[in-house]
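S.K.: Just passing along the structure, written as structure tokens.
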Ligand code: GLN
């Protein structure tokens, strides 16, 4: 036997495993389990497990890996095959170009929500901002990091969310205040901007959501009660008390809630109300401004 042939026999005898073998197994598993974007997720988990970029993988797909490393990768794949969201497996999600820590019990930042932040960034410089239902803190912290705001408070009823938001502030090296508050229950000053991506899915719709969302994400961060508008109503009720004259409101909304939320803001005395669409052409954000004190207190 010449030396190359003997080498091959040795490798096979040792059951040599390559990055490519692991990736193939990962893809097959996720496709068989009908995981949406399974092929891509198999790749992302490979990149996560082996801390490699696509370029590194493509340059050396036949790089040998240990049995233990392959098993560790396949256990991540197994979790994903049970519809656990990718971000709860890796513990991270990029948002506004920044890396956020996420964990079960806290809503995963959505790309759609970048539209909300981008709108607020247009006016946020030098302002004091209150983010209601802050979750991971991704809205407030990206405004603080990118928008030059003067002061930021994130409110949430969930301890787990607040803990995650505080860790994210530390990682991003920004000083924000996070407080446990049921909407305004523990808020005691006025702000220039009130921003929120509250739970807005009507209770009856939740069972129809994809498994990743309905089985693993916190229902408390999704459920907007009967008509999905509960939190908008409650936030609007407090605008007289907690929003400065000249202040702005920014809400993320469900695709069919634009007109209803616009009505609520009008009723609360806001004007300059705009409904902004997302990249798919669906209503996604409603903003309003309180140009002068007018209108009756919202009840
Ligand atoms: N946009 C989220 C979803 O579709 C809902 C987030 C929310 O209720 N604020 O799952």
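Each Cβ is built from the backbone N, Cα and C atoms, and glycine gets one as well.
Heads up, TrEMBL stuff is auto-annotated, nobody curated it.
Pasting the relevant annotations from TrEMBL:
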BINDING   156, 197  S-adenosyl-L-methionine binding site
BINDING   197, 198, 199, 200  substrate binding site
COILED    155-182  coiled coil
DOMAIN    21-91  domain 'Release factor glutamine methyltransferase N-terminal'
DOMAIN    116-200  domain 'Methyltransferase small'
S.K.: Sort the residues of the domain 'Methyltransferase small' (116-200) into helix, strand and coil with DSSP and give the three counts.
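M.R.: When I sort the residues of the domain 'Methyltransferase small' (116-200) into the three classes, I find 29 helix, 21 strand, 35 coil.
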S.K.: Suppose we draw a 10 Å sphere around the Cβ of residue 198 (substrate binding site). How many other Cβ atoms does it contain, all chains included?
M.R.: 21
S.K.: Long-range same-chain neighbours of residue 156 (S-adenosyl-L-methionine binding site), Cβ under 8 Å, sequence gap at least 6?
M.R.: 133, 134, 135, 162, 165, 178, 180, 181
S.K.: Could you give me the DSSP helix, strand and coil counts for the domain 'Release factor glutamine methyltransferase N-terminal' (21-91)?
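M.R.: Within the domain 'Release factor glutamine methyltransferase N-terminal' (21-91) the tally stands at 51 helix, 2 strand, 18 coil.
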S.K.: Taking the binding-site residues one at a time (197, 200), which has its Cβ surrounded by the most other Cβ atoms within 10 Å?
M.R.: 197
S.K.: Including all protein chains shown, what's the count of other C-beta atoms within 10 A of the C-beta of residue 199 (substrate binding site)?
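M.R.: Its Cβ has 21 other Cβ atoms within 10 Å.
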S.K.: Within 8 Å of the Cβ centre of 197, 198, 199, 200, which other residues of the chain have their Cβ, at the recorded substrate site?
M.R.: 133, 196, 201, 221, 222, 224, 231, 252
S.K.: Per-residue pLDDT averaged over the domain 'Methyltransferase small' (116-200) comes to what?
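M.R.: Value for the domain 'Methyltransferase small' (116-200), mean pLDDT as a whole number: 97.
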